[in-house]
């Protein structure tokens with residue numbers, strides 16, 4: 001959510017900034033609603049004051065034994081008019097809130113202006129793209145040939161965009177989770193946190209998934225209004241909702257492993273084969289809560305921490321700055337890490353690292369006390385994948401395959417697999 005004061009005082013500036021995203025904000029209509037709100041608030045307060053004065057006068061007249069019925073009728077008329085004004089004011093406030101909740105974040109000035117992913121800017125590359133002397137296979141071809149990855153069985157159990165993994169591939173998948181957690185906790189200093197995988201609507205509103213992106217979520221039946229979490233960013237970030245933190249508590253740096261559940265409502269026809277885009281997947285998430293002045297340095301650190309995982313696994317990747325037309329609605333600035341997939345002969349997203357600035361904090365009422373001014377200020381929130389586990393498995397399978405369809409284990413993972421150094425075709 002954007003700053004209400006900014007929206008009220010300079011809606012045209014907001015419209016200009018959001019246009020960089022391709023988002024049309026009707027500043028004129030918003031300003032008209034704001035003028036109506038102010039007029040109704042002044043009118044309502046005036047009627048309230050007048051009714052209070054008349055009510056007091058009734059009490060004084062009654063003590064003098066005067067006839068108060070005409071005065072009481074006037075007060076009743078004022079009361080009815082006041083209730084009508086309050087109803088109108090509530091309706092205008094609801095309209096303003098609907099607009100406010102629909103607005104995306106203002107992009108940071110350093111974000112490249114562009115229309116879509118074609119306008120994203122490559123920042124750096126790491127690692128050498130492997131040169132194979134044989135026709136490479138995709139991860140799903142490799143997994144099925146190994147007899148350890150079964151999409152047909154998953155489709156029978158549930159439906160499309162699911163997978164069943166067995167044997168060493170299932171073990172490798174689990175090892176990746178532990179490896180990522182160990183690096184982030186032991187070397188990067190994150191605190192591990194375990195959170196619910198089911199969240200309520202208030203949490204989703206706080207991090208920005210509701211009301212705009214409900215179609216991307218799996219909603220549970222029943223009267224609780226619960227949803228399966230699409231990313232642990234949601235429950236982890238909401239741990240500071242409606243809190244006033246001390247400056248000494250900041251920055252807060254959490255790492256969390258969780259399954260994620262997404263409907264992929266807007267992804268019909270995309271990545272229909274394999275594990276690239278699934279309804280259920282595992283992710284290790286990094287979340288920062290910082291002071292406003294520290295958040296952009298934090299974004300660079302968070303991104304580098306995610307990069308370390310790829311470097312330890314010796315997987316070629318690149319870092320891309322998303323343009324204004326491609327960043328997520330709540331983000332002010334985002335870096336994507338894209339790993340090399342030989343079967344597609346291209347880089348694919350494996351992590352998205354974002355600074356949300358105060359966008360989520362304003363929705364969540366997540367604040368801290370500034371020791372220099374003693375003022376209560378909004379924190380900044382950041383999040384990023386460190387990494388998406390399934391896509392990391394995919395990248396290992398494809399980059400570490402040999403001509404026989406065997407998968408060689410990266411050195412960094414061998415201690416997690418009891419010394420296994422190859423997953424062989426039988």
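In case you wondered, yes, glycine gets a Cβ from its N, Cα and C as well.
The DSSP secondary structure for residue 233 (L-serine binding site) is helix. Marked as L-serine binding site by Swiss-Prot on the basis of sequence analysis: 231, 232, 233, 285, 385.
When other Cβ atoms within 10 Å of the Cβ of residue 352 (ATP binding site) are tallied across all protein chains shown, the result is 23. Among the features that Swiss-Prot reports, ATP binding site is placed at 262, 263, 264, 349, 350, 351, 352, with the record citing sequence analysis.
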For the binding-site residues 233, 264, 285, 349, which one has its C-beta crowded by the most other C-beta atoms within 10 angstroms?
233
Maximal Cα-Cα distance (Å) across residues annotated as binding ATP, namely 262, 263, 264, 349, 350, 351, 352:
19
Shortest C-alpha distance to residue 352 (ATP binding site) - which of the binding-site residues 233, 285, 385:
385
Neighbour count (Cβ, 10 Å) for residue 231 (L-serine binding site):
22
Roughly how many angstrom lie between the C-alpha atoms of residue 350 (ATP binding site) and residue 233 (L-serine binding site)?
16
